[in-house]
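**Q** A single structure is presented below for examination.
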Amino acid sequence: MVHSESSILSSLRGGDGGGIPCSKDELAINGSYTDPMGRRKSKRFKVAAESEFSPDFGSITRQLRSRRMQKEFTVETYETRNVSDVCVLSSQADVELIPGEIVAERDSFKSVDCNDMSVGLTEGAESLGVNMQEPMKDRNMPENTSEQNMVEVHPPSISLPEEDMMGSVCRKSITGTKELHGRTISVGRDLSPNMGSKFSKNGKTAKRSISVEEENLVLEKSDSGDHLGPSPEVLELEKSEVWIITDKGVVMPSPVKPSEKRNGDYGEGSMRKNSERVALDKKRLASKFRLSNGGLPSCSSSGDSARYKVKETMRLFHETCKKIMQEEEARPRKRDGGNFKVVCEASKILKSKGKNLYSGTQIIGTVPGVEVGDEFQYRMELNLLGIHRPSQSGIDYMKDDGGELVATSIVSSGGYNDVLDNSDVLIYTGQGGNVGKKKNNEPPKDQQLVTGNLALKNSINKKNPVRVIRGIKNTTLQSSVVAKNYVYDGLYLVEEYWEETGSHGKLVFKFKLRRIPGQPELPWKEVAKSKKSEFRDGLCNVDITEGKETLPICAVNNLDDEKPPPFIYTAKMIYPDWCRPIPPKSCGCTNGCSKSKNCACIVKNGGKIPYYDGAIVEIKPLVYECGPHCKCPPSCNMRVSQHGIKIKLEIFKTESRGWGVRSLESIPIGSFICEYAGELLEDKQAESLTGKDEYLFDLGDEDDPFTINAAQKGNIGRFINHSCSPNLYAQDVLYDHEEIRIPHIMFFALDNIPPLQELSYDYNYKIDQVYDSNGNIKKKFCYCGSAECSGRLY
C-alpha cells in the first residue's frame, strides 16, 4: 500500500530480519533500526553523540546526519557451505497507488559481489522458492476517494545472502567542550565518508554501491557442531581476584530538582518523536553465537558508566540464552540439563569474551551499577554481575583483613523456612543439614556453624552490610520455565542468631537481619499494598480504553485533581482513504510455525523465528509476523505483537513530565508492551501541525516521509515519555501488509522492568535543531531523572 506521492526509493527499502542482510550498526540509540539504504526522516540538521565501548566491542555513534551527508559501510559476511544455504528473499507486498506517480520496473538481480557489495533489484515472489497462497481480495473494500483508478503493482525486491551486513563507519571531529553537571565533556560532530548512490531518471533501474574497507571484510564459515558440549556441570566459582570493603554502605541517587516550573504538558513529547536508528558492531563469539549489544541505547556519553555496563551485560546474556534455547528446541531429542544447562552455557560464553562484571571480585556493600529493585530471571545473572557468586548456595562470603569469614550476600527464595513479609526485618534460615528442598531423599541432620553460617554469625560483630536478594514468583512469562524472579532488596545488617529445632526434628540456625534505613522501597511492596485496599488511591479513570483493549488501562493521579486529556482511543492504526492495506501472501502452517523449515513467514525473517516464549530474541531491522490469511492459529509463535496489550499497564500523573506509563507487574526483557497507534499522515500534513506536534511519530526516510499522529486519535503509546536511559525501544513490525515504508511501531522491553517503574524510550531529539513556526530555535529541559540525563530534551 502506498500513497499518491510514492517514489522509486520504495523499491530499495526491502528490509527485514533476513530478507535484506543488515548490520546492527544501523540500530538507533533508542534500539530502533534504520535500513542501510534509507533512514527515518528528520528534517532538521543532525549532530552526532558518540558512546564508546570496550575495545572488542568497537564504538557506537548516533548516526544523526543531514540528508546531504552520505555514509559508508563496513561489511561483514559469511561464506556458506553450499549454494542451497544462501536464502534469496524478495518482498511480497501488493500495493495500491494512484496513477501518475513514477513506478520502477522490475529488473532481475543476477549476483551479489562481496567485493563491491553492489545491491541491485530482483524479480518478485518467484525467488522465494516456497509455496505461498495468493491473498484473498477484499471485495467489500470501499471505493477510493480519488477520481483516478487504483493500480496494483508488485514492488521490486533486493536479493542478498542471508547473513548480516555489518558496521557503519563514521568519523568524529572534536569541535569544543562544554560543562555538564560539573563535568567537562567533548562536543563532536559526525563527518561521514561519502557514499555514492545513483538513481536513474527514467525509473528503470536503481542501484546502490557500498564501499568496503578490505581490512574490515571478514568471511567466516558457519559451524554445525554441538555448541552445548558435554553433559551439564555445576558452574564453579572463580577464585577471588580482589575484595573490597566499602566505607559507605548505601549509595543513594540525588533527587531530581526541576530548574523551572512546568506547565500542564501531557507527556514529555513536544515536537517530533524521531526513531532514528544506529546499528552496532557484532563480534564473533562461538561456533554459532556472536555477541552484539543489540542496538542498546547508550547510557552515557562515554559508554563506561557502571549502570550502562550492568544493562549491557544483562541484555547480552538474555539474547544469548534465547538463541541457545531456540537451537535446543530445534533438536530432535532434548538433552538432560534443561534450563540450568542453557544459562550455564550462556554464562560461559559471556565470560569467555570478558562480558562478566565482578563475578571473580568479592565486594562488600553496593555493587556498582546495581540498584535496589533490579530484577533478574536467573541466579546466573547474579553471578555475572557479582551480586551473589554461588550458583546454588544461599550464602556468599569472603575473608576480611583478619582472616575471618564475613557474609557478603544471601538469597532468600523459599528453599528454607525463611520468614518473608513486607517489613524491613528478615528471619533467614542457615544453610546445610539437608533441610532445603532436595531432589534426593537424604535424611536431615543438624546444621553446623561453619562456612556461610559462620560468616553470617561473624557479620553481627563486624557490622558489615549484607546484600539481600529475594525470590518472587513470576507469572508474566508464557511458559513455566522460569518460576520466579530474583529481586535485589538492598543492604541489611545481621542483628542476632539462634538455634532452634526445625519441623524435621533437627537443629537449624536462624539469623535476624534488618534493612538499612534510607534505601528505596521495593515496588512489589507498594503493589501488594494497593491490592489489599478496596479502593485505589488517586484513581480517576478505571479504563481509558473504554473496552477497546484486551485489558483495562486505568488512570491514577496522586498529585492533584487533573484528569487525563480528552482524546479518542484507538487500539489499531487508522489509515486514510489513499492508503489501503493489502494482506501479504500467507504461509500454510496449520500447527504453528515453530518447527516448519519451509514456512514462508520464517523465510522472510531470515529463516529464524524472531520470538522465543513471547519475547523478542534480538533487535532486528524489521520483523515479519504471520498475516491475516496465514493458516496458523492465533497462538502461533509468529503472532506476538498483533494481539494487543497483554501486560497490566496504567497511566499516572508524574511530578514534572505530565502523564506517564507504568506497569503493575514485572516485565521480562524482550516483552511486547504496546503499539504506537494513531492516524497515518503524509509529511505535508504533518508540517502543517508545527507547534501542535506533541504526538507525532515520524516514519520512513527523508524521501518517503510518513507520520503517525496520535494527538486526537491514539492509544496508550502517546503517553510514553522520553528518557536519556530508556527501558523500551521501537521495533518495526509488519503483519497485515508488507509496505515497509509504513511499518507498525511496536515497543519492546530493553530490560527486566520492575513494577511501577515508568516506561520510556529515547525520542532522539537534536539539541538546537528544533524550530517553531517562525523559524526560532526552541529549547526544552529534560526531566527524565536518569544519571545520564543530558539536561535538555532539545
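Any Cβ shown, glycine's included, is placed from N, Cα and C.
According to Swiss-Prot, the protein has these features:
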- 187-210: region 'Disordered' (REGION)
- 194-203: compositional bias 'Polar residues' (COMPBIAS)
- 254-276: region 'Disordered' (REGION)
- 258-276: compositional bias 'Basic and acidic residues' (COMPBIAS)
- 365-515: domain 'YDG' (DOMAIN)
- 585-644: domain 'Pre-SET' (DOMAIN)
- 647-764: domain 'SET' (DOMAIN)
- 778-794: domain 'Post-SET' (DOMAIN)
**Q** For the domain 'Pre-SET' (585-644), what are the DSSP-based totals of helix, strand and coil residues?
**A** 5 helix, 7 strand, 48 coil
**Q** Kindly report the helix/strand/coil residue split of the domain 'SET' (647-764) according to DSSP, in that order.
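**A** Helix/strand/coil tally for the domain 'SET' (647-764): 9 helix, 50 strand, 59 coil.
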**Q** Where does the mean pLDDT land for the domain 'SET' (647-764)?
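**A** Value for the domain 'SET' (647-764), mean pLDDT as a whole number: 91.
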